[in-house]
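Chemist: Let me begin by handing over the structure; questions about it come next.
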């Protein structure tokens with residue numbers, strides 16, 4: 001009997017041990033989809049002797065809705081700057097223990113100490129993307145159209161040549177911001193009169209668009225169903241690579257409109273209720289290593305806030321002006337600020353009217 | 001008496017879990033939403049506090065604003081009517097398509113019947129979204145179906161059409177997704193019909209259409225009604241299909257509700273819209289049940 005109990009206990013241990021070990025060493029990352037290189041994941045898992053488990057979101061709103069409703073105990077989240085601001089004000093984040101972050105010196109000073117988180121108490125930059133226009137290069141060349149202007153998706157005279165072949169983001173903030181830039185306003189202009197003008201621009205252009213689409217424009221562009229898509233630079237980078245790999249008869253490219261664009265600076269933060277803050281700090285430090293940061297740009301096509309990473313970035317990617325814009329265009333990139341409840345409500349109503357009219 | 005009492009309590013006991021389930025997952029959330037609909041949205045989402053303690057005095061912060069907003073412009077009610085129309089159209093098409101299928105299954109041989117039923121249920125083995133993505137490929141301008149249709153149209157000198165991102169795509173998918181929910185209750189109903197009634201009617205000289213309208217139709221109504229409810233309610237509130245397949249004007253009321261909760265983080269107004277949708281649904285089902293019963297008893301008489 002004793003033997004049996006021993007045997008049983010041993011077996012039980014065998015079953016439980018790996019699970020217990022795993023329960024201790026799992027990093028739960030809540031990230032944008034397609035926002036970390038597979039090799040980087042493998043590299044981190046090897047370095048920390050742990051598992052990296054990811055959940056994904058495709059919009060800030062989706063991420064905020066899940067976190068604020070109390071969903072998911074994540075160790076690291078990668079929110080965009082305006083969401084960082086909101087999460088800090090909600091008291092949702094844990095201050096970062098800088099003594100554990102030896103790689104902090106690698107970051108470019110221009111991306112640190114920003115208004116949304118002075119002194120980077122809660123957040124450190126991860127990567128940035130811009131919201132721009134991806135396009136079918138072959139088709140636009142045939143039609144003699146240029147993609148470096150928001151007129152491509154807002155001016156009915158231009159749109160009449162590509163009717164039904166354009167998608168715009170199904171995202172009120174991004175689309176209103178693009179329309180504001182087209183009108184020459186700032187993306188953070190909350191003047192209701194200006195926003196209404198932007199709404200009118202969108203309503204006039206809407207009949208020429210095929211759909212509001214934030215989820216499948218990469219595919220639609222690479223298959224050739226859509227010729228112009230409004231979306232994130234990293235997605236367009238992927239569409240360009242996919243079209244090349246699939247050996248399409250056309251090429252996909254992307255460009256920053258000359259009026260400027262929304263810059264989304266994504267940051268690494270640790271929620272207060274993270275189960276594994278030590279591991280979270282280790283991950284943040286790992287991502288600030290120049291080679292790992294460079295991989296993000298080389299594989300995903302993001303902009304990079306890591307100064308030391310520059311030397312590891314492939315030359316063919318450094319030459320893409322939409323990812324590495326010149327100083328003049330760089331100055332026209334702007335980040336979205338957090339909106340108050342009243343402003344969100346006003347924008348929400350404009351958006352519903354856009355969708356219905 | 002002594003025997004009836006335990007029987008009653010057993011029945012009550014059995015109905016307790018479903019009643020508790022409905023209370024916890026329908027009545028209680030609806031009440032919470034009703035309360036939320038009178039509150040202000042929180043600065044970063046969620047809800048603002050509904051009372052304040054200032055210098056020892058209690059003040060409440062509740063409002064009718066969210067409900068008034070519903071009538072501020074015609075867009076919300078207009079969208080509700082449009083969604084009702086799309087859901088009704090879906091239900092009607094489902095009913096027309098499901099009837100012959102259900103009848104075929106009900107009249108099939110025993111062994112074949114099981115196989116046919118299995119085929120009806122088969123689509124449920126893959127995820128709903130996966131099936132919608134499959135339709136996106138079918139509808140795509142580079143898809144075989146669109147190309148075939150446009151080649152055919154070209155023969156008659158008609159301009160090519162685009163199926164993706166259109167109301168046609170939305171309704172096709174709504175019908176596709178909900179068709180089994182109409183077939184199954186209809187089948188369950190038709191299977192029970194006594195074929196001898198039809199034989200008797202034929203012997204007595206009833207014509208084909210008389211046999212259908214006087215015998216089959218009144219008997220099939222409960223099945224049709226059950227199917228209609230199962231199709232109508234989900235298609236009224238759906239947002240995924242118009243999101244993925246709809247064009248720039250393809251949204252339904254479900255999308256606006258989702259927008260309030262996710263994008264605008266405006267729970268109070270989202271609650272108002274949800275409650276209006278629930279109310280409309282209950283009202284319509286109530287009306288349908290009322291008239292269905294009236295028609296049913298008339299048929300029996």
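Backbone N, Cα and C define each Cβ position, glycine as well.
The following feature annotations were taken from TrEMBL:
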- A:171, A:172, A:173, A:174: spermidine binding site (BINDING)
- A:1-22: signal peptide (SIGNAL)
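Tell me about the surroundings of these features in the structure.
Modeler: There are 21 other Cβ atoms within 10 Å of the Cβ belonging to residue A:173 (spermidine binding site).
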Chemist: Give the sequence-ordered list of residues that share a chain with residue A:174 (spermidine binding site), lie 6 or more positions from it, and have CB atoms under 8 Å from its CB.
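Modeler: Residues satisfying the criterion: A:131, A:230, A:262.
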Chemist: Excluding near sequence neighbours, so keeping only residues 6 or more apart in the same chain, what lies with its CB under 8 A of residue A:172 (spermidine binding site)?
Modeler: A:347, A:348, A:350, A:351
Chemist: Name the secondary structure element type, per DSSP in three states, that contains residue A:174 (spermidine binding site).
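Modeler: Residue A:174 (spermidine binding site) sits in a helix per DSSP.
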Chemist: Give me the non-local Cβ neighbours of residue A:171 (spermidine binding site): same chain, 6+ apart in sequence, Cβ-Cβ under 8 Å, ordered along the sequence.
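Modeler: Counting only residues 6 or more apart in sequence, the Cβ neighbours of residue A:171 (spermidine binding site) under 8 Å are A:59, A:61, A:214.
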